[in-house]
Amino acid sequence: AEEVKYQYQTQKRIRGVVKLFMIQQHNELFVFFHQVEKKMPEKYIREESMIRGPKFVVRLRSHTVYENSAIKIFCTVEGYPTPQVIWCATDDTAMYTAVASNTHGQVSSQASIIVKSKTFSPVFWNLNAILPEIKYTKINITYTETFDVTFGKEGDKVTLTCKMIINPNLANLQPEALWYRDEYLLKESKWVKMESGGGVAKLTLTQLAKDDEGLYTLRMVTKGGDAVHSAYVFRISDIHDANRDYVIVSWKPPNTTTEGPIIGYFVDRCEVGTENWVQCNDSPAKICKYPVQGLFEGHSYYFRVRAVNSRGTGRPSRMSEPIAALDPTEFERLHATKLGGRLDVVTYYDDLEAPGPPSKVCASETDRTYVVLSWVPPVYHSKAPMWYYIEKLQVGAGSWQRVNTKVPIRSPRYAVFDLLEGKNYQFRVLSANMYGVSEPSEPTSTVTTLQLKGVPSAPGQVVATRETDTSVLIQWAPPKDPNNLIGYYIDSCVKGSKDWTSANHKPHKQTRFVVHGLTTGETYVFRVQAINELGLSDESQESAPLSVRAALKLPSSPYDVSLLYCDGESMVINWKQPIHSGGAEVTDYYIDKCNVAKKTWKEVNIPPIKERLHKVIGGLTAGSVYQFRVYGANLIGLGDASTPSAPFKCEAWTMPEPGPAYDVTFTEVRDDSVVVEWKAPVYSGASAITGYFVEKSKKGSDNWSKVNESSVNHCYLKVSICGLETGESYLFRVQAENAQGIGVASTPSDPACIKALPGAQEIKCGVDEESGDIYLSFESCQMTEKSKYVWKKSYQEITDFSKGIVVKTSGSHSTLLFKNPDKEDLGTYSVSVTHTDGASASYKISAEELEKMLALSYDIRNPIIPLKTELAYKILERGRMRFWLQAEGISSAVTYKFFANNKELVNCEQTKMSHDAATGIIEMVMDHFTDDSEGTFTVQIQDGRAKAQSSLVLIGDAFKAALAEAEYQRREYIRVKEGTALILITQVACFCEMLQFFILILGQDVSQIDISGKAFDDIINELSRIAGSSAAELSIQCTAEGIMLQCHMKYYTEEMKIHWKQKDSKISASERMRIGGNPAMATLEIVEPTDKDKGMYTFEIVDPEKTHSRILDLSGEHRGKVIGGLPDVVTIMEKKTLSLTCTVCGDPKPLVSWSKNEQELELSDQYVIALDSGKFASLTIKGVSLEDSGKYTMTVLNKYGGESVDIIVSVYKHGDKIPDVKPTPFTSCFLPSVNRNQHRFL
């Protein structure tokens, strides 16, 4: 602000000096200085809006030095484009000037250097000798809280925060917080807000946009160095050139992974100080660069870009910084003369003749349709305005043509538009003023405009490697044809889906990128697209699938190496496993030993050790002192060695007390309790161990206190809230006891913070309502990919599953099932989850609780269906017998079986079975109740696991009464239903004679004729002859339960001798093979047919003279089939031609038909159906449209049957995203029937 104020005051003084000078000059000279004065406020206004001009952040400072001393003067300047700095000086003791300039202006800074001669003073040197050396205060910065990888939607407010400890924290010596994005220093602006102080540094992005995406770095700068932290920010247009009357705007194309392809772009402008946005181009720009013309000289503008696709226009980009439309060399023609102090006089050189030609004409930038020319103006002293003319020449195609005939060019830089792509041009420039036109400049060398080569080729192979448990490192090969490559977009997708997600929204320039925000354990594939001004390349090939998990590393070192026993010749040692496994299980350990006296480390074992308990044998000298160190190894390799153990003397243990317990751990941490576990000592002392004592100590304290007053005889103890403080950390150790006393204390456990995990769950106990199994269920509040559930009884891992104990785990749930529970299952059960922060719980099953659960389990496993009525009978009309019972309630899925004298009855015409779930009635109707029906009838019912059974005994008088009633009802039915006169005439040929039988029933009178015995057999034989000679070929019909073979004839009765055969094997009636018929035909129904039911079927009718046979082939070998060639789903762009072709077979050759959406396809010029050589079937649809989308079905059929195939066709418009159609393949096989005649066949 002070610099701007100074510049303004300087300009004000210049205007005052100019006015004094004008009073003494000629009128013409007065006019000239009036023009200069007029330009000065314009210059101030323009400089104020040109915020990209050079600016000194740190100005030069004056210095006083002794002769022959080195001196370094420096300054810091910023601007865009990067300013060029020129240094000026007169002599060694003078004013040094740094002039910084770019296309938007220039600034300068000055400093004086005063050089003094050295004078040696004894007093001076004595003072130096006694003065202490000056040292800078070193400030240490430790970050306590940092920002992580951050994701945000466009327009969101995002804040990055770092908290730190500053030591020492001096009020007058605070560190400076510098924020960077992709190594570019950020400054306070409308979009970026910064705060620093009180141990906190914050950066706020007020409105997240694509340009805000990148790597953000905070540098806390002190004299002792920098404290740096970095992380990515992801989001879920640039100004290329400026001149008097045009600006070239360029931008980067967006990532369109989840949207339709970009058609073009609209560029908008808004003059500074207004809110009026004006669209600059009428039609969308195809490339990411556009020249905006028609600007007012000296005015400043904002610019923004909007992308367009088939669905419309997207949201505008963030607007650019304000850009001034003016000649960047405007002020180079102003010359300043120093008057002394801070006063300058600005003048124009003037001359009264035509200017000379420009020089050094060159093309500073070349594009497809324009070239930016720049040149050096001629030496010009005239006050008359000067302008330029530009001429172009297309090499080999004509003469010189003037480019700017209407608008004069006043700056030595101009963009020539409307050129042809890929053509050769030359340019020259002429300068002019009111006195004439100069000679043309020297032509430029041949300039070739760029030719549209298209987007870059697809990037090469993409390789994904693990980094962390939520990120993956992606690397790829650059495209073979970059075509002015801008950068890359990276996409990720869960394996097996087509839902691609953009990993970055700002083009990435490197060929490696870290994709953050992935789900741990999920498997992903990745792809990359390259971009240039024209758009995006094709996608690269997908990377190999990669499961997201942390990259494997070496394990950390084991620790707490302890001695458990020594017999003078060997030593048993133990250690704790590494805290960090490196992402893979630590499987091997290696031990080194060192004789303290010799100080030489040697290997103890060559083969790896699998357990954390090892007996060191050999190489030990009794009485010597040894140290041990241990290495852990995983798949990656060998980790660091542990800290050497304490010195252990190799001498036999003879103390009567037990040795130390080991592997002291803790589990089931809650706010008021913790369970401590350990392993029994290797050395038990002079007698058996009788119990254990547990001691506790606060972390950081050396005071130990007993937890249990009386010893426990097992290797675990639940420590309650007594003596524990919630949130505090404690260490535990264990001492074993025998008859001789209490032994040595174990190595302390790791610190345990007495605070439950967030969301910690307890074990639930109950009885499964479906299976009746007793269960213990646990849901973990933490899970990782490698987590496993470990179930224990009495804190000993359960390994014996032979007694019906089953563990079932699904996700975060694990269940321990008791299939055959008994009293041996009493006790305490616990579960722990590995690779978590201690997720665990326990449950104690008491005898009383187990007894209740056993009773409930029995009831669930052995349910009974309650019956309202037992099995009973009722005689129906025609003498039929109905057996029935009623249950309290049954479901529709109930199953049941009826038995007569322990023989299961089949559900058929003679014994029809049914049930009604609404009323609970189950019944069977027996069509023929005869003398053979005497006995016991039983029904067995099952509904789910519930069962019931009921029996009815019909023997002796009870049976005789039922049979008599049944016969009476049969006779009564005949009398009533057949009317007052019924005549049955049957003609029988027997021994070439015709007999006629008449039965006349009138009213209650009954006339009978005996046709039993031989007479009846003769009748049946004659009926068999007539039926056999009239029998038609076998046909097939579909039923609700399967298929039915039918043979039509004049008359059929079950008394005739018939046989159904499959492959020469006689078929017996059963639930699946139902033999029956009606007076017009004989039937065989096959319920739920399978491949075993294929084959040759034969139906035989036997009479005394001949056997009549009918055959049907159900092998399926000769039916019509589709061999292959048809897809399940077809997606095609409209106006294309679709051809569906496949191969069919069958003997005889099958007929083929096509249908669309279950409607027969009519032949037309658009739909062409063909069948070549009886085996190549095709459907061609010419010029497909959206109306052609749907389900197409091809049916293949011959006399043995056939099949149909469905194809889903989806038509989409040009430019639309290819639809994701899920295939629903369906191929149905069928056998020939009359219903198939409705199709049109080829």
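Every residue gets a Cβ built from N, Cα and C, even glycine.
What TrEMBL says about a protein is an automatic prediction, not a curated fact.
TrEMBL lists 54-87 (among others) with the feature domain 'Ig-like'. A Cβ distance under 8 Å defines the sequence-distant neighbours of the domain 'Ig-like' (54-87), meaning residues of its chain 6+ beyond its ends; these are 3, 96-107, 109-118, 185.
Look at TrEMBL and you will find 132-217 (among others) tagged as domain 'Ig-like'. Taken together, the residues of the domain 'Ig-like' (132-217) have an average pLDDT of 82.
Per TrEMBL, domain 'Fibronectin type-III' is recorded for 232-328 (among others).
As annotated by TrEMBL, domain 'Fibronectin type-III' applies to 357-452 (among others).
In the domain 'Fibronectin type-III' (458-551), the DSSP tally of helix, strand and coil residues is 0 helix, 42 strand, 52 coil. Residues or ranges marked as domain 'Fibronectin type-III' by TrEMBL: 458-551 (among others).
Residues or ranges marked as domain 'Fibronectin type-III' in TrEMBL: 557-657 (among others). The DSSP breakdown of the domain 'Fibronectin type-III' (557-657), given as helix, strand and coil counts, is 0 helix, 48 strand, 53 coil.
Per-class residue totals from DSSP over the domain 'Fibronectin type-III' (660-759), listed helix then strand then coil: 0 helix, 46 strand, 54 coil. Residues annotated as domain 'Fibronectin type-III' in TrEMBL: 660-759 (among others).
Summarising the annotation, TrEMBL assigns domain 'Ig-like' to 748-846 (among others).
The feature domain 'Ig-like' is assigned by TrEMBL to 1028-1098 (among others). Note on the domain 'Ig-like' (1028-1098): DSSP counts are 6 helix, 35 strand, 30 coil.
Marked as domain 'Ig-like' by TrEMBL: 1104-1210 (among others).
In this chain, the domain 'Ig-like' (132-217) lies close to the domain 'Fibronectin type-III' (458-551): three or more C-beta pairs between them fall below 8 angstroms, excluding pairs fewer than 6 positions apart. Assigned with DSSP, the residues of the domain 'Fibronectin type-III' (357-452) fall into helix, strand and coil as follows: 0 helix, 43 strand, 53 coil.
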